[in-house]
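What follows is a single structure, and I will ask about it in a moment.
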Amino acid sequence: MIEVPFHQDSQVVRGFIRFSRTIAVLMIAVASIVLVAWWWDARLPTAVVPGQRSMKVNAAIGFALSGSALLLSQGSGRVRSRLGPWLSLAVMGIGLATLAEYVWSLDIGIDRLLDDSFARQPDPLSGRMAELVATAFVLLGGLGVMVSTRRWLYLREGLAVVLLAIAMTGLASYGFALAGRDSGPFNRVPIYTTLLLLLATLGWIASTPTIGLTRVTTADTLGGAFARRLLLPALLMPVIVAFVFEMLQSRLGLSEALAFSFVALFSGGAVAWLVWWVATLLDKLERQRRKSLLLRNDADTDTLTGLANRRAFDDALANLLRGQREHDMRFSLLMLDLDRFKSYNDDFGHLAGDEVLRITGHLLGAALRPSDLAARYGGEEFALLLPDTDVTRAGEVAARILDAFRGFAWPQRAVTISIGVAQSAPSDGSTDLIQRADAMLYDAKHAGRDRVMVATAVVSPGAVRSGT
Ligand SMILES: Nc1nc2c(ncn2[C@@H]2O[C@H](COP(=O)(O)OP(=O)(O)OP(=O)(O)O)[C@@H](O)[C@H]2O)c(=O)[nH]1
């Protein structure tokens, strides 16, 4: 079971792990085919991709070892975690030994790695890969050791980038090789070795999708969406551009200047296409964001009064209580209830009652600061949250609301409201505070309605009460 950290897209993370395993199996499979083919008949490996050089014996062994190490790095258990790094060290060893043969003209038997059957090969260097590939194997082995042991993150990312650069340059110069031209140090590197090197590097990078370079690529954020869409085309562009350039010259016989102009046009167009693609994606995501914002607003709003609904009130109260606990930020709660609303409904009808509720929404909204929250708590009961407000100030706000109700020209007959006020206390949970404000509201009703009752002390039972 893969543990997917917060903000990572679990499906993409699993996809990366699957990709990594597939690459490991592919490396082992290709390496095995090449080894069997070398053993069977020296001409076979060259026949796999006609016109191509063959993958060398030690390169095939290196890929088989690195692929096995990659598979082991994904599993758990002591043996697996111990064996993996050793296999990668062996990959490094093969690369280093080959380089040593080149540099010091040594013969440490790297050309005859398996047994004498390889001596039958017409290619005198059947076992020895090119210098560049040997260098790449040293890096690939190092990458494997660091990934398997979960060490030196930055160094291993650096190795991966160098490896990618080698493999991508190899692919880019394939166009030259195709045209039979000298492609520099890649002239002696078979295309499928380069391709496998690229995939092996990607496989190792993808094996730890939630850290390092790949973290952004697997994130469930906007950055993640961009990276997933744009990284591959951006990486492939130089390869394609080099390829197109070569094809234009060699196949269509265009002059270098003309081929260059076409390639410049082509790359400009490709960049423009990438920009357009990003813009389309941004546009789509922004539309979705606005839509979900609207839906969220709808979900938080009471349709009749336009005030916040009970759900939004509960969220806001929980936030304020957290602020109180963590930063000692006091706030006050007002519970309000229309007086004798049942008889208003009975006398003038439900629709007239609805109109009163709508007007109440306007009056409460007008009485508050932008940071305050007015909510319909249920039926004809309302709640106001006043952040950073002590009980004295909250009492003043409540008195202002009473005045606003008294002074309003109501359509049928005067409507009044009763209010209970309480201030938050450090030990409060949401029900404690609501109960204190409710108790004050109850007192206001019993004292004759159209008034405010304030809990002047914040300890609940036996609190000192005062009427306004
Ligand atoms: N028109 C209308 N009436 C509502 C709505 N929600 C609740 N009510 C009514 O509000 C009334 C509340 O009545 P009571 O709880 O008895 O309280 P009251 O008549 O206001 O009396 P006091 O609160 O003691 O002053 C009920 O008649 C409900 O039907 C609504 O959305 N629209």
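Each Cβ is built from the backbone N, Cα and C atoms, and glycine gets one as well.
A TrEMBL annotation is a machine prediction, not a hand-curated record.
From TrEMBL, for reference:
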- 21-40: transmembrane segment (TRANSMEM)
- 55-73: transmembrane segment (TRANSMEM)
- 85-105: transmembrane segment (TRANSMEM)
- 125-147: transmembrane segment (TRANSMEM)
- 159-179: transmembrane segment (TRANSMEM)
- 191-214: transmembrane segment (TRANSMEM)
- 226-245: transmembrane segment (TRANSMEM)
- 257-282: transmembrane segment (TRANSMEM)
- 329-457: domain 'GGDEF' (DOMAIN)
When you scan the chain for residues with a C-beta under 8 Å from the transmembrane segment (257-282), skipping those not six or more beyond its ends, what do you find?
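222, 225-226, 229-230, 233-234, 237, 240-241, 244-245, 248-249.
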In this predicted model, what is the average pLDDT of the domain 'GGDEF' (329-457)?
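That region's mean pLDDT is 94.
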Could you give me the DSSP helix, strand and coil counts for the domain 'GGDEF' (329-457)?
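Grouping H, G, I as helix and E, B as strand yields 60 helix, 32 strand, 37 coil.
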